Amino acid sequence: MEEASGSAGNDRVRNLQSEVEGVKNIMTQNVERILSRGENLDHLRNKTEDLEATSEHFKTTSQKVARKFWWKNVKMIVIICVIVLIIVILIILFATGTIPT
């Protein structure tokens, strides 16, 4: 009878050891996943910082380009207005006879 209870006790111990080993493996996998996730988060944070710096540079550059083309446009408008004004003055002067033809 002692052998039967001893054998049953050994089976229970083996079952418990097997369960403990299974839990140990699961916990090891969980820790590895957590570490991997931490590494991925660090990588993602670095990419985010790089994108932020790049976006600031892009914003500054695009503002400079927009300002440059705005001034170019203003200069062109002023030149066209001056040319039109000169043509109108010449037409008026020819029409009034101030400038002989």
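Including glycine, each Cβ sits where the backbone N, Cα and C put it.
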Which candidate, of THR54, THR60, Swiss-Prot gives the annotation phosphothreonine:
THR54
Could you let me know which of SER36, SER55 shows up in Swiss-Prot as phosphoserine?
SER55
Nearest to SER18 (phosphoserine) by Cα, among THR28, THR48, SER55 (modified residues)?
THR28
